[in-house]
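What TrEMBL lists as active site, nucleophile is Cys2. Taken from TrEMBL, the feature active site, for Fru-6P isomerization activity applies to Lys600. According to TrEMBL, the domain 'Glutamine amidotransferase type-2' annotation covers 2-218. According to TrEMBL, the feature domain 'SIS' maps to 283-422, 455-595.
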Amino acid sequence: MCGIVGYIGDRNCADVLLDSLASLEYRGYDSAGVAIYDNDDGAVKCVKTKGRLSALKEKLKSVGTPSGTCGIGHTRWATHGKPSDKNAHPHSGKNVTIVHNGIIENYSSLKNELKQKGYDFSSDTDTEVAAKLIDYFYKGDPIAAIKNAVSKIRGSYAFGILFHDIPDRIYAIRKDSPLIAAKGCGENFIASDIPAILKYTRDYYLIDENEIAIISRDDLRIVDFDGNEVNKPLQKATWTVSAAQKDGYPHFMLKEIFEQPKAVKDTVSTRITENGINFEGIKDGEFKDIERIHIVACGTAMHAGMVGKYIIESMARIPVEVDIASEFRYRNPILGKKDYLIIISQSGETADSLAALRLGKKMGVKTLAVVNVVGSSIAREADHVIYTWAGPEIAVASTKAYSVQLAVMYMLAGRIAFENGKIDDKSYAELRAQILTLPDYISKMLKTQETCKKLADKYSNAQNIFFIGRGLDYAVSMEGSLKLKEISYIHSEAYAAGELKHGTISLIVDGMPVVAVAAQEELFEKTLSNIKEVKARGADVLLLCREGEEGIDAADEIIQVPRIPGIFMPSLTVIPLQLFAYYMAVKRGCDVDKPRNLAKSVTVE
Ligand code: M6R
């Protein structure tokens, strides 16, 4: 999604902005731009273009790069108006230039009001409306102008703002869209994401709602709408610069697939103790007497929630509902006083997941966030947070975040089951020991890399691929299918294997690839029958099953998985599914880390 950066200091601002924007490229974007106070004439110079940062660099070369040391920059992921030079950010009014992440829902009525006041518009964006609205209210007092403008705006925003007559300050404000103000030495920054500032500093403030950050070369202040100083703790980014680099891998996605053993180890090893499972700050007994659990999330995180449902229900015998966040928030859900709401999110900023969390809080249920990004909105607003220690996930396609979310689901299921008397000390101890072995098994599964590459050679021309499975195998099939379609652009669907005969099997034709996941001991024979049914109609079956299963010669290709307890199988079977999707995308020449139309963090509805 869109990225915001801002810089003031002694360095060449254009260089810093381009460099910082490059570290946000992974978020996905289709145009880019910068606005810089030019030292030559003191005016704000705005240069923007459709396309990648390389296009912006070319344009800066051809029009002349502004020489100043203060400015703002943006990568835009189109929402209002197609990707084009005119719709790229920054946008300006007479005395104000801004960059914006988010969506202004009432932009159309605001635009009409501003037109009546004499403003003209040159783009199709909601952002230009915000720029002109701030401009309209600007009578020499930036705080008053920002305060008045945002009081009229409905929607989500993070703004970086330059007032043309204040060349030594950047202003920033946010609502429902992340933004930080970072503190350097003789230089300060704003950014929508931590990787943008890592090269320069690790110290940053989280800007909260109803706060305005005012950044100059030597000062970084955060004030409320009355101009009162807000004192808040300086945060320290723990990410390393190398964590946000490819380290010799051709793509972030492949690097992140291979980081999974470590990510899972980091997530489980400090929490699993001799006596139990310790989630920082979550007291013993927290999960006792829960009547119902609601897991709400989007995309891959929702698929991790599906796995969570199966294992929590089977171990703790507590009903679990899994919802897509964008559905949950608008379906008037029924939440009881003893219910528990779990939000899963890698970024911690997904708009629908955040809204679902707020709804749950409003309805009075306890909330728990399972989140990867420390200090993100979902992490801050939930009653409790369990961080997944995956480190930064840069590729748009989520891989290691899924694996650590699964690891948290196993630990959570164990803890809920134990606190509700559904497993005894012995089984609880066994479960903990088994979770600790997962990183090694995941490492073993990474050895399927070459096989997956070869399978991609065979299947990469497919136009449709089905994934089938039952129970937990179905849950992981959904993730395998999403991975494949989002990066290789092959149409793909996941079906509960037993459901095929109720309609979908009519789509099976000669040569159609079907990926069958059949790694659950008690369901294996059932899925095998479904495999035979699709084979009989010409399907080419790639089977994932446990080592030593019988009758598997029905499949055309086979990947075998070590025999570990069924509840952990998704952690193993997902690895070849990720590698398969990756090599399919590579083989088809796709932009693996930045698939078309997608963004890493979906901060709009
Ligand atoms: O940051 P989140 O985990 O809340 O993001 C949710 C989805 O947008 C995300 O998992 C998405 O589906 C992935 N790109 C899939 O690989």
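Each Cβ is built from the backbone N, Cα and C atoms, and glycine gets one as well.
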(request) Using DSSP, tally how many residues of the domain 'SIS' (283-422) sit in helix, strand and coil. (result) 59 helix, 28 strand, 53 coil
(request) Summarise the domain 'SIS' (455-595) by DSSP state, stating how many residues are helix, strand and coil. (result) 73 helix, 30 strand, 38 coil
(request) Go through Cys2, Lys600, our active-site residues, and report the one whose Cβ sees the most other Cβ atoms within 10 Å. (result) Cys2
(message) Give me the CA-CA distance between the residue listed as 'active site, nucleophile' and Lys600 (active site, for Fru-6P isomerization activity), in Å, as a whole number.
(response) 10
